[in-house]
Amino acid sequence: MAVAATIFLFLLLASPMAFAKEHIVGGSNGWSQSVDYSSWASGETFNVGDTLVFNYDGSHGVDIVTKDGYDNCNTANAIKSFTDGSTAITLASSPVDVYFVCPKLNHCATGMKLAIKVQGTSSGSGSTAPTTKPNGASGAFGAMSKIVVGFSVVFGALFAFMV
């Protein structure tokens with residue numbers, strides 16, 4: 001019985017990661033100058049472990065910046081920069097505010113910037129910085145693996161109680 005309880009506790013703690021959400025930044029418009037990102041973000045809830053997916057063409061990029069960089073559209077000291085056209089960023093392991101801007105001339109100044117508040121509890125890794133995944137980790141197969149893990153967690157918990 002102690003083994004079953006230990007397995008259940010482990011599955012209970014591991015299950016929130018299985019239900020992380022993938023947010024396509026800007027929805028069907030992607031990361032472009034035609035989106036009001038403040039309005040888009042107000043309709044979303046961002047939690048620890050969720051992934052932001054930025055889809056954009058070669059005329060854009062994504063920079064993670066400080067609040068000052070966001071407020072002043074200054075990318076000189078960007079925390080991280082991306083230009084691959086499809087950037088997947090897993091949100092931090094603890095609640096934190098995260099800021100993104102397009103580094104191309106005048107794009108940020110015309111509204112191509114995003115500020116989000118990550119909610120949730122720490123997964124224990126100690127890092128507060130967003131992490132990136134290889135492009136193949138997002139999309140249909142990334143979402144499918146989350147579903148498989150979710151079902152595995154549920155069935156594992158049920159099995160633990162039957163033993």
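Glycine residues also receive a Cβ, built from the backbone N, Cα and C atoms like all the rest.
Pulled from TrEMBL, these are the features on record:
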| type | residues | note |
| --- | --- | --- |
| DOMAIN | 21-120 | domain 'Phytocyanin' |
| SIGNAL | 1-20 | signal peptide |
| TRANSMEM | 140-161 | transmembrane segment |
Helix-strand-coil residue split for the domain 'Phytocyanin' (21-120), DSSP-based: 15 helix, 35 strand, 50 coil
Taken over the domain 'Phytocyanin' (21-120), the model's mean pLDDT: 96
